[in-house]
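Under the heading domain 'Glutamine amidotransferase type-1', Swiss-Prot lists 6-200, citing sequence analysis as support. Summarising the annotation, Swiss-Prot assigns active site, nucleophile to 84. What Swiss-Prot lists as active site is 175, 177, and the listing cites sequence analysis. Feature annotation from Swiss-Prot assigns domain 'GMPS ATP-PPase' to 201-393; the stated evidence is sequence analysis. Taken from Swiss-Prot, the feature ATP binding site applies to 228, 229, 230, 231, 232, 233, 234, supported by sequence analysis.
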(Lines of atoms letter the chains of each structure in order from A; the text may use other names.)
(Lines give C-alpha, C1' and ligand atoms only; values in the text may rest on other atoms or scores of the structure.)
Protein backbone atom coordinates (compact mmCIF):
# COMPACT_ATOMS: atom_id res chain seq x y z
CA UNK A 1 0.00 0.00 0.00
CA UNK A 2 1.16 3.52 -0.76
CA UNK A 3 2.50 5.37 2.27
CA UNK A 4 1.31 8.97 2.02
CA UNK A 5 3.19 11.89 3.51
CA UNK A 6 1.36 12.97 6.66
CA UNK A 7 0.74 16.33 8.25
CA UNK A 8 0.13 16.51 12.00
CA UNK A 9 -2.30 19.05 13.47
CA UNK A 10 -1.69 19.49 17.20
CA UNK A 11 -5.00 20.55 18.72
CA UNK A 12 -4.90 23.14 21.50
CA UNK A 13 -8.68 23.30 21.79
CA UNK A 14 -9.88 25.61 19.03
CA UNK A 15 -13.52 25.35 17.97
CA UNK A 16 -12.39 25.40 14.34
CA UNK A 17 -9.53 22.88 14.32
CA UNK A 18 -11.53 20.53 12.09
CA UNK A 19 -11.69 23.31 9.49
CA UNK A 20 -7.88 23.23 9.27
CA UNK A 21 -8.05 19.54 8.38
CA UNK A 22 -10.83 20.20 5.87
CA UNK A 23 -8.74 22.86 4.10
CA UNK A 24 -5.75 20.51 3.89
CA UNK A 25 -7.80 17.54 2.68
CA UNK A 26 -9.16 19.79 -0.10
CA UNK A 27 -5.51 20.10 -1.20
CA UNK A 28 -5.22 16.26 -1.30
CA UNK A 29 -2.94 16.29 1.73
CA UNK A 30 -3.40 13.57 4.35
CA UNK A 31 -3.53 15.04 7.85
CA UNK A 32 -4.62 13.96 11.31
CA UNK A 33 -5.74 15.96 14.36
CA UNK A 34 -4.37 14.89 17.74
CA UNK A 35 -4.92 16.65 21.09
CA UNK A 36 -1.73 18.17 22.48
CA UNK A 37 -1.69 15.91 25.55
CA UNK A 38 -1.42 12.80 23.33
CA UNK A 39 1.49 14.14 21.27
CA UNK A 40 4.51 12.76 23.12
CA UNK A 41 8.07 12.45 21.83
CA UNK A 42 7.39 8.76 21.13
CA UNK A 43 4.21 9.65 19.23
CA UNK A 44 6.11 12.16 17.08
CA UNK A 45 8.71 9.54 16.20
CA UNK A 46 6.06 7.03 15.18
CA UNK A 47 3.89 9.50 13.26
CA UNK A 48 6.88 11.02 11.42
CA UNK A 49 5.06 14.11 10.12
CA UNK A 50 6.29 15.92 7.03
CA UNK A 51 4.92 19.17 8.53
CA UNK A 52 3.14 20.28 11.72
CA UNK A 53 0.39 22.82 12.42
CA UNK A 54 -0.36 24.19 15.90
CA UNK A 55 -4.08 25.00 16.18
CA UNK A 56 -5.60 27.91 18.03
CA UNK A 57 -7.16 27.48 21.45
CA UNK A 58 -8.87 29.26 24.33
CA UNK A 59 -5.96 29.03 26.79
CA UNK A 60 -3.34 31.55 27.85
CA UNK A 61 0.33 30.60 27.92
CA UNK A 62 0.35 32.19 31.41
CA UNK A 63 -2.22 29.77 32.81
CA UNK A 64 -1.11 26.99 35.12
CA UNK A 65 -0.86 23.80 33.08
CA UNK A 66 -1.25 25.71 29.81
CA UNK A 67 -1.25 23.43 26.74
CA UNK A 68 2.24 23.07 25.29
CA UNK A 69 3.71 21.06 22.42
CA UNK A 70 6.50 18.53 23.11
CA UNK A 71 9.88 20.27 22.97
CA UNK A 72 11.11 17.79 20.37
CA UNK A 73 8.67 19.04 17.75
CA UNK A 74 10.98 21.97 17.02
CA UNK A 75 13.87 19.57 16.36
CA UNK A 76 12.11 17.47 13.72
CA UNK A 77 13.47 19.62 10.90
CA UNK A 78 10.03 19.99 9.31
CA UNK A 79 7.98 23.13 8.57
CA UNK A 80 5.70 24.29 11.41
CA UNK A 81 2.78 26.72 11.18
CA UNK A 82 1.35 28.23 14.38
CA UNK A 83 -2.17 29.70 14.35
CA UNK A 84 -3.45 32.18 16.97
CA UNK A 85 -2.70 30.44 20.31
CA UNK A 86 -0.35 28.29 18.21
CA UNK A 87 1.64 31.44 17.38
CA UNK A 88 1.80 32.47 21.03
CA UNK A 89 2.92 29.02 22.15
CA UNK A 90 5.59 28.94 19.45
CA UNK A 91 7.01 32.31 20.55
CA UNK A 92 6.78 31.32 24.22
CA UNK A 93 8.73 28.09 23.58
CA UNK A 94 11.37 29.60 21.28
CA UNK A 95 12.37 32.65 23.34
CA UNK A 96 9.88 35.34 22.37
CA UNK A 97 7.45 37.13 24.69
CA UNK A 98 3.67 37.03 25.05
CA UNK A 99 1.68 39.59 27.02
CA UNK A 100 -1.80 39.48 28.48
CA UNK A 101 -4.40 41.15 26.29
CA UNK A 102 -5.02 44.43 28.13
CA UNK A 103 -6.57 46.65 25.46
CA UNK A 104 -5.10 44.70 22.55
CA UNK A 105 -7.61 41.88 22.21
CA UNK A 106 -9.05 41.44 18.72
CA UNK A 107 -12.19 39.52 17.84
CA UNK A 108 -13.64 39.50 14.35
CA UNK A 109 -12.60 41.02 11.05
CA UNK A 110 -9.27 42.83 10.80
CA UNK A 111 -6.95 43.90 8.01
CA UNK A 112 -3.29 42.91 7.75
CA UNK A 113 -0.78 44.97 5.79
CA UNK A 114 2.59 43.61 4.57
CA UNK A 115 6.06 44.69 5.59
CA UNK A 116 8.78 45.38 3.03
CA UNK A 117 10.05 41.78 3.26
CA UNK A 118 8.03 39.14 1.38
CA UNK A 119 7.59 35.49 2.37
CA UNK A 120 6.99 32.48 0.10
CA UNK A 121 4.11 31.26 2.28
CA UNK A 122 2.33 34.53 1.38
CA UNK A 123 2.46 34.07 -2.42
CA UNK A 124 -0.78 35.49 -3.82
CA UNK A 125 -1.36 37.69 -0.76
CA UNK A 126 -1.30 41.50 -0.60
CA UNK A 127 -1.92 41.94 -4.32
CA UNK A 128 -4.23 44.85 -3.45
CA UNK A 129 -2.24 46.19 -0.51
CA UNK A 130 -3.93 44.53 2.46
CA UNK A 131 -5.82 41.33 3.30
CA UNK A 132 -8.92 40.70 5.38
CA UNK A 133 -8.39 38.14 8.17
CA UNK A 134 -10.36 36.82 11.14
CA UNK A 135 -8.85 37.52 14.56
CA UNK A 136 -9.85 35.90 17.85
CA UNK A 137 -7.23 36.54 20.52
CA UNK A 138 -6.91 38.03 23.97
CA UNK A 139 -3.16 37.72 24.66
CA UNK A 140 -0.67 38.89 22.05
CA UNK A 141 2.98 38.47 21.07
CA UNK A 142 5.03 41.44 22.29
CA UNK A 143 8.48 40.22 21.21
CA UNK A 144 9.23 37.70 18.50
CA UNK A 145 11.62 34.80 19.07
CA UNK A 146 15.24 34.93 17.83
CA UNK A 147 15.48 34.19 14.11
CA UNK A 148 11.93 35.39 13.38
CA UNK A 149 10.94 38.41 11.28
CA UNK A 150 7.67 40.30 10.90
CA UNK A 151 5.91 39.94 7.55
CA UNK A 152 2.46 41.39 8.30
CA UNK A 153 0.87 43.72 10.87
CA UNK A 154 -2.63 44.77 11.93
CA UNK A 155 -3.70 47.71 14.15
CA UNK A 156 -3.85 45.53 17.27
CA UNK A 157 -1.39 42.82 16.26
CA UNK A 158 2.01 44.24 15.28
CA UNK A 159 3.24 40.65 14.82
CA UNK A 160 0.21 39.36 12.86
CA UNK A 161 2.43 37.33 10.49
CA UNK A 162 5.89 36.18 11.57
CA UNK A 163 8.33 33.66 10.23
CA UNK A 164 11.79 32.15 10.46
CA UNK A 165 12.35 31.20 6.79
CA UNK A 166 15.63 29.40 7.53
CA UNK A 167 13.87 26.86 9.76
CA UNK A 168 10.53 27.03 7.90
CA UNK A 169 8.71 28.11 11.07
CA UNK A 170 5.71 30.36 10.42
CA UNK A 171 3.17 31.87 12.80
CA UNK A 172 0.03 33.96 12.32
CA UNK A 173 -2.22 35.61 14.90
CA UNK A 174 -5.40 35.08 12.83
CA UNK A 175 -7.38 32.04 11.61
CA UNK A 176 -6.66 31.24 7.92
CA UNK A 177 -9.05 28.25 8.00
CA UNK A 178 -12.30 30.22 8.38
CA UNK A 179 -14.23 31.69 5.45
CA UNK A 180 -13.82 35.19 6.93
CA UNK A 181 -10.14 35.03 5.91
CA UNK A 182 -10.77 34.97 2.14
CA UNK A 183 -7.22 34.04 1.12
CA UNK A 184 -6.64 31.63 3.99
CA UNK A 185 -6.83 28.60 1.71
CA UNK A 186 -4.01 30.09 -0.40
CA UNK A 187 -1.82 30.37 2.71
CA UNK A 188 -2.36 26.65 3.46
CA UNK A 189 -1.69 25.79 -0.18
CA UNK A 190 1.64 27.66 -0.02
CA UNK A 191 2.55 25.98 3.29
CA UNK A 192 2.03 22.42 2.05
CA UNK A 193 3.86 23.24 -1.20
CA UNK A 194 6.85 24.55 0.76
CA UNK A 195 6.72 21.40 2.89
CA UNK A 196 6.98 19.24 -0.24
CA UNK A 197 3.60 17.49 -0.19
CA UNK A 198 2.72 15.88 -3.51
CA UNK A 199 -1.08 16.20 -3.13
CA UNK A 200 -1.52 12.47 -3.82
CA UNK A 201 -4.20 11.69 -1.23
CA UNK A 202 -7.21 11.22 -3.52
CA UNK A 203 -10.43 9.24 -3.20
CA UNK A 204 -9.22 6.87 -5.92
CA UNK A 205 -6.12 6.11 -3.85
CA UNK A 206 -8.18 5.88 -0.66
CA UNK A 207 -10.55 3.36 -2.26
CA UNK A 208 -7.71 1.01 -3.24
CA UNK A 209 -6.01 1.31 0.14
CA UNK A 210 -9.26 0.85 2.10
CA UNK A 211 -10.10 -2.31 0.14
CA UNK A 212 -6.64 -3.73 0.87
CA UNK A 213 -7.03 -2.87 4.58
CA UNK A 214 -10.49 -4.46 4.81
CA UNK A 215 -9.24 -7.68 3.20
CA UNK A 216 -6.24 -7.80 5.52
CA UNK A 217 -8.40 -7.17 8.62
CA UNK A 218 -11.28 -9.50 7.80
CA UNK A 219 -9.58 -12.40 6.03
CA UNK A 220 -12.22 -15.06 5.34
CA UNK A 221 -14.51 -14.04 8.23
CA UNK A 222 -18.10 -12.79 7.94
CA UNK A 223 -19.15 -9.16 8.41
CA UNK A 224 -22.58 -7.71 9.21
CA UNK A 225 -23.48 -4.10 8.49
CA UNK A 226 -26.44 -2.07 9.73
CA UNK A 227 -27.76 -0.38 6.59
CA UNK A 228 -29.96 2.69 6.97
CA UNK A 229 -29.97 3.94 3.39
CA UNK A 230 -28.10 7.07 4.48
CA UNK A 231 -24.87 8.18 2.84
CA UNK A 232 -22.44 6.84 5.47
CA UNK A 233 -23.78 3.30 5.82
CA UNK A 234 -24.42 3.03 2.06
CA UNK A 235 -20.85 4.00 1.13
CA UNK A 236 -19.40 1.75 3.85
CA UNK A 237 -21.50 -1.21 2.63
CA UNK A 238 -20.57 -0.79 -1.05
CA UNK A 239 -16.87 -0.37 -0.20
CA UNK A 240 -16.80 -3.46 2.03
CA UNK A 241 -18.78 -5.50 -0.52
CA UNK A 242 -16.25 -4.54 -3.18
CA UNK A 243 -13.50 -5.82 -0.87
CA UNK A 244 -14.98 -9.11 0.39
CA UNK A 245 -18.12 -9.81 -1.66
CA UNK A 246 -20.73 -12.03 -0.04
CA UNK A 247 -18.81 -12.34 3.22
CA UNK A 248 -20.81 -9.18 3.98
CA UNK A 249 -24.49 -9.31 4.96
CA UNK A 250 -26.44 -6.09 5.45
CA UNK A 251 -29.28 -5.80 7.95
CA UNK A 252 -31.83 -3.11 7.09
CA UNK A 253 -34.17 -2.40 10.01
CA UNK A 254 -37.46 -0.80 8.93
CA UNK A 255 -38.85 0.81 12.07
CA UNK A 256 -41.93 2.20 10.39
CA UNK A 257 -40.58 5.74 10.65
CA UNK A 258 -39.09 6.09 7.17
CA UNK A 259 -40.07 8.46 4.37
CA UNK A 260 -42.47 7.57 1.54
CA UNK A 261 -41.12 4.64 -0.50
CA UNK A 262 -37.77 4.69 1.31
CA UNK A 263 -37.67 1.04 2.41
CA UNK A 264 -38.43 -0.16 -1.12
CA UNK A 265 -35.70 2.11 -2.56
CA UNK A 266 -33.05 0.74 -0.18
CA UNK A 267 -33.97 -2.90 -0.78
CA UNK A 268 -34.09 -2.45 -4.57
CA UNK A 269 -30.77 -0.61 -4.59
CA UNK A 270 -28.72 -2.99 -2.47
CA UNK A 271 -30.35 -6.38 -3.00
CA UNK A 272 -31.25 -6.06 -6.68
CA UNK A 273 -28.72 -3.57 -8.09
CA UNK A 274 -25.65 -4.48 -6.00
CA UNK A 275 -26.67 -8.13 -5.38
CA UNK A 276 -25.72 -7.89 -1.71
CA UNK A 277 -26.97 -10.39 0.84
CA UNK A 278 -29.57 -8.26 2.63
CA UNK A 279 -31.92 -8.99 5.51
CA UNK A 280 -34.94 -6.66 5.33
CA UNK A 281 -36.31 -6.61 8.87
CA UNK A 282 -39.79 -5.05 8.84
CA UNK A 283 -40.26 -4.33 12.54
CA UNK A 284 -42.64 -1.40 12.22
CA UNK A 285 -45.32 -3.02 14.42
CA UNK A 286 -42.79 -3.51 17.24
CA UNK A 287 -41.48 0.08 17.12
CA UNK A 288 -44.83 1.80 16.68
CA UNK A 289 -46.35 -0.32 19.44
CA UNK A 290 -43.57 0.67 21.85
CA UNK A 291 -43.98 4.36 20.93
CA UNK A 292 -47.74 4.38 21.48
CA UNK A 293 -48.65 7.13 23.94
CA UNK A 294 -45.04 8.44 24.12
CA UNK A 295 -44.71 12.20 23.56
CA UNK A 296 -41.42 13.12 25.30
CA UNK A 297 -38.70 13.45 22.61
CA UNK A 298 -35.92 11.99 24.76
CA UNK A 299 -38.05 8.95 25.62
CA UNK A 300 -38.81 8.54 21.90
CA UNK A 301 -35.12 8.60 20.98
CA UNK A 302 -34.09 6.20 23.75
CA UNK A 303 -36.95 3.78 23.01
CA UNK A 304 -36.01 3.67 19.32
CA UNK A 305 -32.29 3.29 20.12
CA UNK A 306 -32.91 0.42 22.58
CA UNK A 307 -35.25 -1.43 20.24
CA UNK A 308 -32.89 -0.95 17.31
CA UNK A 309 -30.12 -2.74 19.19
CA UNK A 310 -32.46 -5.59 20.20
CA UNK A 311 -33.79 -6.02 16.66
CA UNK A 312 -30.36 -5.77 15.05
CA UNK A 313 -28.99 -8.42 17.41
CA UNK A 314 -31.89 -10.76 16.65
CA UNK A 315 -31.49 -10.54 12.88
CA UNK A 316 -27.69 -10.50 12.96
CA UNK A 317 -27.83 -13.85 14.77
CA UNK A 318 -29.52 -15.24 11.63
CA UNK A 319 -26.32 -14.57 9.69
CA UNK A 320 -24.41 -17.04 11.85
CA UNK A 321 -20.70 -16.95 12.50
CA UNK A 322 -20.19 -13.23 11.92
CA UNK A 323 -16.99 -11.93 13.52
CA UNK A 324 -17.09 -8.29 12.48
CA UNK A 325 -19.58 -5.43 12.66
CA UNK A 326 -19.24 -2.69 10.02
CA UNK A 327 -20.03 0.88 11.02
CA UNK A 328 -19.99 4.14 9.07
CA UNK A 329 -17.98 6.01 11.73
CA UNK A 330 -16.58 9.27 10.33
CA UNK A 331 -13.47 11.25 11.30
CA UNK A 332 -15.37 13.91 13.31
CA UNK A 333 -16.71 11.06 15.52
CA UNK A 334 -13.15 9.84 16.08
CA UNK A 335 -11.90 13.35 16.91
CA UNK A 336 -14.71 13.91 19.42
CA UNK A 337 -14.00 10.59 21.14
CA UNK A 338 -10.43 11.72 21.90
CA UNK A 339 -11.39 15.33 22.48
CA UNK A 340 -9.03 18.09 23.52
CA UNK A 341 -10.56 18.57 26.94
CA UNK A 342 -12.18 15.23 27.64
CA UNK A 343 -14.55 17.29 29.77
CA UNK A 344 -18.26 16.84 30.22
CA UNK A 345 -20.68 18.59 27.93
CA UNK A 346 -24.41 19.11 28.12
CA UNK A 347 -26.49 16.57 26.20
CA UNK A 348 -28.71 18.59 23.86
CA UNK A 349 -30.20 15.45 22.31
CA UNK A 350 -29.36 11.77 22.72
CA UNK A 351 -27.79 10.41 19.55
CA UNK A 352 -29.43 7.37 18.04
CA UNK A 353 -26.63 5.05 17.02
CA UNK A 354 -25.42 1.50 17.49
CA UNK A 355 -22.56 2.41 19.80
CA UNK A 356 -23.32 -0.36 22.29
CA UNK A 357 -23.52 -3.16 19.73
CA UNK A 358 -19.90 -4.37 19.42
CA UNK A 359 -19.56 -5.03 23.17
CA UNK A 360 -22.99 -6.67 23.46
CA UNK A 361 -22.43 -8.97 20.51
CA UNK A 362 -18.76 -9.73 21.01
CA UNK A 363 -17.92 -8.42 17.54
CA UNK A 364 -14.86 -6.62 16.23
CA UNK A 365 -15.36 -3.34 14.37
CA UNK A 366 -14.69 -2.58 10.72
CA UNK A 367 -14.78 1.19 10.20
CA UNK A 368 -13.57 1.92 6.66
CA UNK A 369 -14.65 5.58 6.72
CA UNK A 370 -13.11 6.57 10.04
CA UNK A 371 -10.47 8.79 8.38
CA UNK A 372 -12.98 10.76 6.26
CA UNK A 373 -15.10 13.89 6.61
CA UNK A 374 -18.67 13.89 5.27
CA UNK A 375 -17.80 15.62 1.99
CA UNK A 376 -15.04 13.04 1.44
CA UNK A 377 -17.51 10.20 2.02
CA UNK A 378 -19.70 11.66 -0.73
CA UNK A 379 -16.64 11.88 -3.03
CA UNK A 380 -15.79 8.23 -2.24
CA UNK A 381 -19.39 7.26 -3.00
CA UNK A 382 -19.06 8.86 -6.44
CA UNK A 383 -15.76 7.03 -6.93
CA UNK A 384 -17.59 3.76 -6.11
CA UNK A 385 -20.36 4.56 -8.60
CA UNK A 386 -23.22 5.10 -6.16
CA UNK A 387 -26.05 7.07 -7.79
CA UNK A 388 -26.23 10.77 -7.04
CA UNK A 389 -29.72 10.26 -5.61
CA UNK A 390 -28.10 8.41 -2.68
CA UNK A 391 -24.87 10.40 -2.41
CA UNK A 392 -26.53 13.81 -2.45
CA UNK A 393 -29.33 12.97 -0.03
CA UNK A 394 -30.08 15.35 2.78
CA UNK A 395 -29.25 14.04 6.27
CA UNK A 396 -32.02 11.95 7.83
CA UNK A 397 -32.10 11.28 11.58
CA UNK A 398 -31.83 7.75 12.99
CA UNK A 399 -35.18 8.04 14.83
CA UNK A 400 -36.73 9.03 11.51
CA UNK A 401 -40.13 10.68 11.36
CA UNK A 402 -40.64 10.14 15.11
CA UNK A 403 -38.84 13.43 15.81
CA UNK A 404 -40.63 15.27 13.00
CA UNK A 405 -43.96 14.50 14.61
CA UNK A 406 -43.90 16.38 17.96
CA UNK A 407 -46.15 14.81 20.54
CA UNK A 408 -47.68 11.35 20.34
CA UNK A 409 -47.08 9.29 17.19
CA UNK A 410 -49.85 7.45 15.36
CA UNK A 411 -49.89 5.60 12.05
CA UNK A 412 -52.37 8.18 10.72
CA UNK A 413 -50.06 11.08 11.59
CA UNK A 414 -47.06 9.32 10.05
CA UNK A 415 -48.93 8.74 6.79
CA UNK A 416 -49.99 12.41 6.62
CA UNK A 417 -46.40 13.49 7.36
CA UNK A 418 -44.92 11.15 4.72
CA UNK A 419 -47.18 12.51 2.01
CA UNK A 420 -46.64 16.16 2.94
CA UNK A 421 -42.86 15.64 3.04
CA UNK A 422 -42.92 13.96 -0.38
CA UNK A 423 -44.80 16.93 -1.90
CA UNK A 424 -42.39 19.43 -0.31
CA UNK A 425 -39.25 17.62 -1.52
CA UNK A 426 -40.80 17.24 -4.97
CA UNK A 427 -41.38 21.01 -5.06
CA UNK A 428 -37.77 21.69 -4.04
CA UNK A 429 -36.47 19.35 -6.77
CA UNK A 430 -38.79 20.82 -9.42
CA UNK A 431 -37.39 24.28 -8.70
CA UNK A 432 -33.78 23.01 -8.84
CA UNK A 433 -33.09 23.92 -5.21
CA UNK A 434 -32.36 20.52 -3.64
CA UNK A 435 -28.56 20.73 -3.85
CA UNK A 436 -28.50 24.29 -2.48
CA UNK A 437 -30.15 23.13 0.76
CA UNK A 438 -28.42 21.18 3.54
CA UNK A 439 -31.64 19.67 4.88
CA UNK A 440 -35.36 20.10 4.18
CA UNK A 441 -38.36 18.38 5.72
CA UNK A 442 -41.89 18.79 7.03
CA UNK A 443 -42.78 18.64 10.72
CA UNK A 444 -46.39 17.71 11.52
CA UNK A 445 -47.45 19.89 14.43
CA UNK A 446 -49.56 18.62 17.36
CA UNK A 447 -52.06 21.38 16.56
CA UNK A 448 -55.38 21.24 14.74
CA UNK A 449 -56.73 24.38 13.12
CA UNK A 450 -60.05 25.40 11.62
CA UNK A 451 -60.19 25.85 7.85
CA UNK A 452 -62.64 26.12 4.99
CA UNK A 453 -62.47 23.82 1.97
CA UNK A 454 -65.24 24.09 -0.59
CA UNK A 455 -68.34 24.94 1.40
CA UNK A 456 -67.31 22.89 4.41
CA UNK A 457 -65.47 23.50 7.65
CA UNK A 458 -62.28 21.53 8.25
CA UNK A 459 -60.45 20.85 11.49
CA UNK A 460 -57.09 19.41 10.49
CA UNK A 461 -53.39 19.48 11.35
CA UNK A 462 -50.96 22.33 10.76
CA UNK A 463 -47.50 21.54 9.44
CA UNK A 464 -44.21 23.44 9.39
CA UNK A 465 -41.81 23.44 6.45
CA UNK A 466 -38.12 23.49 7.39
CA UNK A 467 -35.16 24.13 5.08
CA UNK A 468 -31.68 25.16 6.16
CA UNK A 469 -28.29 25.92 4.69
CA UNK A 470 -25.20 24.72 6.55
CA UNK A 471 -21.64 23.52 6.03
CA UNK A 472 -21.46 20.90 8.75
CA UNK A 473 -24.75 20.96 10.65
CA UNK A 474 -23.17 22.69 13.66
CA UNK A 475 -24.75 26.03 12.72
CA UNK A 476 -27.51 26.65 10.20
CA UNK A 477 -29.59 29.43 8.59
CA UNK A 478 -33.07 29.08 7.15
CA UNK A 479 -33.24 28.93 3.36
CA UNK A 480 -34.70 32.14 1.82
CA UNK A 481 -37.46 30.70 -0.38
CA UNK A 482 -39.45 33.18 -2.44
CA UNK A 483 -43.01 33.93 -1.35
CA UNK A 484 -44.22 32.45 -4.64
CA UNK A 485 -42.48 29.15 -3.89
CA UNK A 486 -43.92 28.98 -0.37
CA UNK A 487 -47.40 29.84 -1.60
CA UNK A 488 -47.28 27.23 -4.35
CA UNK A 489 -45.97 24.58 -1.94
CA UNK A 490 -48.61 25.33 0.69
CA UNK A 491 -51.35 25.08 -1.95
CA UNK A 492 -50.07 21.72 -3.18
CA UNK A 493 -49.79 20.24 0.32
CA UNK A 494 -53.30 21.35 1.33
CA UNK A 495 -54.80 20.11 -1.95
CA UNK A 496 -52.88 16.83 -2.18
CA UNK A 497 -52.55 15.72 1.45
CA UNK A 498 -55.73 14.87 3.31
CA UNK A 499 -55.42 15.89 6.96
CA UNK A 500 -53.52 19.21 6.65
CA UNK A 501 -55.24 22.58 6.26
CA UNK A 502 -52.51 25.02 7.33
CA UNK A 503 -48.83 25.37 6.32
CA UNK A 504 -46.16 27.49 8.04
CA UNK A 505 -42.46 28.10 7.30
CA UNK A 506 -39.92 27.82 10.14
CA UNK A 507 -37.34 30.65 9.90
CA UNK A 508 -35.37 29.79 13.07
CA UNK A 509 -31.57 29.63 12.78
CA UNK A 510 -29.30 27.24 14.70
CA UNK A 511 -28.50 28.41 17.31
CA UNK A 512 -30.83 29.23 19.06
CA UNK A 513 -32.96 26.46 17.54
CA UNK A 514 -31.87 23.01 16.43
CA UNK A 515 -32.41 21.83 12.86
CA UNK A 516 -34.85 19.07 13.82
CA UNK A 517 -37.91 19.89 15.90
CA UNK A 518 -37.14 17.25 18.53
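Cβ atoms are placed via backbone N, Cα and C, with glycine included.
It should be emphasised that the depicted structure is a prediction, and the values quoted were computed from it without experimental measurement.
Location within the structure of each feature annotated in Swiss-Prot.
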residue: 175; record: active site; Cβ contacts under 8 Å, 6 or more apart: 14, 16, 56, 83, 84, 133, 134, 135, 136, 181, 184
residue: 177; record: active site; Cβ contacts under 8 Å, 6 or more apart: 16, 19, 20, 22, 23, 83, 184, 188
residue: 228; record: ATP binding site; Cβ contacts under 8 Å, 6 or more apart: 234, 252, 266, 396, 398
residue: 229; record: ATP binding site; Cβ contacts under 8 Å, 6 or more apart: 252, 258, 262, 265, 266, 269, 390, 396
residue: 230; record: ATP binding site; Cβ contacts under 8 Å, 6 or more apart: 328, 393, 395, 396
residue: 231; record: ATP binding site; Cβ contacts under 8 Å, 6 or more apart: 374, 377, 378, 381, 390, 391, 393
residue: 232; record: ATP binding site; Cβ contacts under 8 Å, 6 or more apart: 328, 330, 369, 374, 377
residue: 233; record: ATP binding site; Cβ contacts under 8 Å, 6 or more apart: 225, 226, 227, 328
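Residue 230 (ATP binding site) falls outside any helix or strand according to DSSP and counts as coil. Around residue 84 (active site, nucleophile), a 10 Å sphere centred on its CB holds 26 further CB atoms from the protein chains shown. Packing around residue 234 (ATP binding site) is summarised by its Cβ count: 27 other Cβ atoms lie within 10 angstroms of its Cβ, all protein chains included. Over the domain 'Glutamine amidotransferase type-1' (6-200) the predicted model carries a mean pLDDT of 90. In the three-state DSSP scheme, residue 177 (active site) is classed as coil.
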